[in-house]
Each structure stands twice: as structure tokens, then as C-alpha cells.
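Comments concern the structure below.
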Amino acid sequence: MTKKIITLVGRPNVGKSTLFNRLSIRKKAIVHDLPGVTRDRKYTEGKIGSFEFLLIDTPGLEENPDSMGERLIEQTTKAILEADLICFMVDGRSGILPDDKLLGSFVRKYNKPAILIVNKCEKAFDFDKEYYKLGFDSMVAISAEHGTGLIDLYDEIIAKLPEEESIETNIADPIKRDCLQIVVSGRPNAGKSTFINALINDERLLTGPEAGITRESIEIDWQYKNNHIKLIDTAGLRKKSTITESLEKLSASDAINSIKFANTVILMIDALAPLKQQDLNIASHVVNEGRSIVIVVNKWDLVKESEKEAFQEEFYYQINTHLPQVKGVPVLFISAINKQNIEQVLDACLKIYKIWNKKITTSKLNEWLNFTTEAHPLPLQKGGKRVRVKYMTQTKTRPPTFKLFSNNPEKITDSYTRYLVNNMREAFDMPGIPIRFTYVKTKNPYV
């Protein structure tokens, strides 16, 4: 038995994302008092009382003739078509506005079970005739922010979705905890959402020529070559000095937090905007967090054929110069809008994910260590004593982390550590991932 789907619909700033967060078991949506914060439909597992369901938050709709408005309507329409129940939300403080009436008619034409939710009712609330004129037979007053009225909402939901069909027990979590989480990150307008839509072959995410359309990290569960993958689209990351609006600061914080919990990060770069310091800053942040990374240059179809070879040479030079800590990182050149080379990106993610999880036996590590340190020993110190790295072991994966035992670890230079790391990459075929070394002093400094 599958979980029922409940879709939240309403004009901007009526509290849909607040209710989404209130009912969500898992990830939270960004909440801000600026209308239109949510621009894509978002999914989460929801629960109210004993009833568990799949909850969809939709963009706030208003009368808007431009292309952005049309795309928002398309997102909401898809969410309504998926729904078993629609929760149509209005603002109890402002009362019924013209946009509420238009949207009410829009929802009713789909002839699906629906509940009118009047939000922001912190005090006792009486429905007047304007609410009845919207044409919904079920109404409930709540305060999503304070959690009041949820018992009444539960009763209305159960009335619309018969208990024997909708309430589930002992159902496995459909979102596996061990899936490969791939975050798509980069500067605004690099084509992150277009890339994900092309992969899943669905206009799941809002796209367009406007920079900064994506404002929240959006999760999409997907299967690729029998692998359970969670694709996470993030808001574009600009330099801190150029972020002025509080909403964009929230979006940037959400994107950075998504990187922290990723397995692999796809860094999307616009081929028409030369590699900038911000791209390198994002890549460095990914590496510092210990994530594996795949670099993707999008809009490759817009680069002149006569310029592509020189472009690639310069690009590889910049990456190798500024990101030596992930030497050999995969770089792919794609056109998301034309679906050119997009599957190669997923193949690269799967490959580097396996490397990121690599475990090397202690015997092989120390065989390699002895050979490498003998080939290039550390210099003699004062008094003729030599710093030695005697032994090593792998302490963790994701990323591969190693503990090395030395008679004088504080004398091991950064350049010698880079030598060891780069040699290890080649010896154990570990390109493009962060490798971490920690040094420990042996008990006998003369050994």
C-alpha cells in the first residue's frame, strides 16, 4: 500500500512552507516573509497524529502574466495531478483576496478532494460568508507557526482520505538512508536545474534565463543503473560580498549545508562565464568538507568549435594549479539543454563514489610506505638524526583517512605530505578525491 499524497496550494506567503515544516518528518523548507520563496515543488514525508503521508509544497501562485508565472503554474498543476488530497491555504489575517478566488477556482476544476485551510488564526476564528464563497465543503482554521488547530486538520484529512486506505503501518522508509546523495552546486545560472531535469527526463525543477531561480535545496529520488540516487539541486552561490538580501543569505546557507551532507558534489560551471574565483572557492569548500567532487562545464554547445581545444587546455591548467589537493578530479563538458554527455556525469559520480569509499589493507599500505619513503627519504636533522615514517593504517573512508606513525612528526613538511599523497593516488588509483593524513608520534623517538 502506497502512502497518500497531500499537496499544499495557495498564493504567496500564506504559510505553506511553515505548515510543510510543521508536518514534515524530515527536511525543512526555507521560511521567509518575502512572497514567492518556494519556486519548485518540494516533497517530504509528513505525519499528523498516526497518519503518515507524502507531502508536496508548491510555489505561491498569483496573477502573473510573465513566463515565470506560467512556469510556477506548471509546477503547481503537476503537484495537483499527483495529489490524493489538496489543502488550499489562505491567510486569515488578510482575509480573502482576489488571487485567493482565482486560485480557488483553479483548484476546484480538478475535482479532487480538498480542504480549505485558513492559516494564521492564533485567536478564535469564525468563518464568514467570503470563505464559503470559495466553494470548499471542508474548512479548518489553524496557526501553522504555533501548531494550533492541527487536531481539527487531522480530523478533516481522515474524513477525506478513508482510514482503511490511507493509514499505513510497518511500511519501510521509501527514502533509503544508504543511497548515493549527489548535490549539484555552482554559481547562479550555470544550468544546475536544467541538468537535473534532463537527467530525470521531467520538468521537475523550475528553469529559465533568470539567475537565482532556485532558492532552496530540492531533493529528488531517482534510480540510475540499479543505484538509488538522491539528486539535490541547490541555490546558486555568489561571493559573500555580493549577497545583500536576507533571503539569498538563507538560500546560500541552505546550499552550503547540503554540501556538508553530500556524498558527491557536481560543481556546475558555465562555459560562457570563465572560471572565476568563486568556482574555485566552492570547489575548495567541497574538498575541505571531505566530499568527492566532479566538475562539469555546461553550455559546451555554445562554445565555438575552433575555441574548444584552447578552452580545455586553459581550464585543466587552472584546475590543476588551484586544486592540487584533488589531483585528477573528473572534468566533463556537457550541454544540459541538449542532453549531451549528461549520463557520463552520473557514471563519473558512481566511479568517484567508489574511490571515496576505498579501503586499503594495512599490509599493502606499509609495503607502499616503505618503498616510497626509501625512494625519497626525509632530510637529516641536526645531530644526524633522520625523521622516519615507520608505519601507517587507514582509520576511515569517506574520505580515505590515514594515520601515520613517526619518530618526529612535527618535522614532516607539508611538501613531503603532498609527495606522499600524490604518490598514493597513483599507486592505489585514487584520483580526484581528498586524502587525509594525520601524524602520531611513536613512543620511542629513536626508532
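Placed from the backbone N, Cα and C atoms, the Cβ positions cover glycine too.
For 4-165, the entry in Swiss-Prot reads domain 'EngA-type G 1'.
DSSP gives CYS121 (GTP 1 binding site) a coil state; it is part of no helix or strand. The GTP 1 binding site feature in Swiss-Prot is assigned to 10-17, 57-61, 119-122; the stated evidence is sequence analysis.
Taken from Swiss-Prot, the feature domain 'EngA-type G 2' covers 180-357.
Taken from Swiss-Prot, the feature GTP 2 binding site covers 186-193, 233-237, 298-301, and the record attributes it to sequence analysis.
Averaged across the domain 'KH-like' (358-443), pLDDT for the predicted model comes to 91. What Swiss-Prot lists as domain 'KH-like' is 358-443.
The shortest Cα-Cα distance from THR58 (GTP 1 binding site) to any of the binding-site residues (GLY186, ASN189, LYS192, THR234, TRP300) is found for THR234. For the recorded site, GLY10 (GTP 1 binding site), the DSSP three-state label reads strand.
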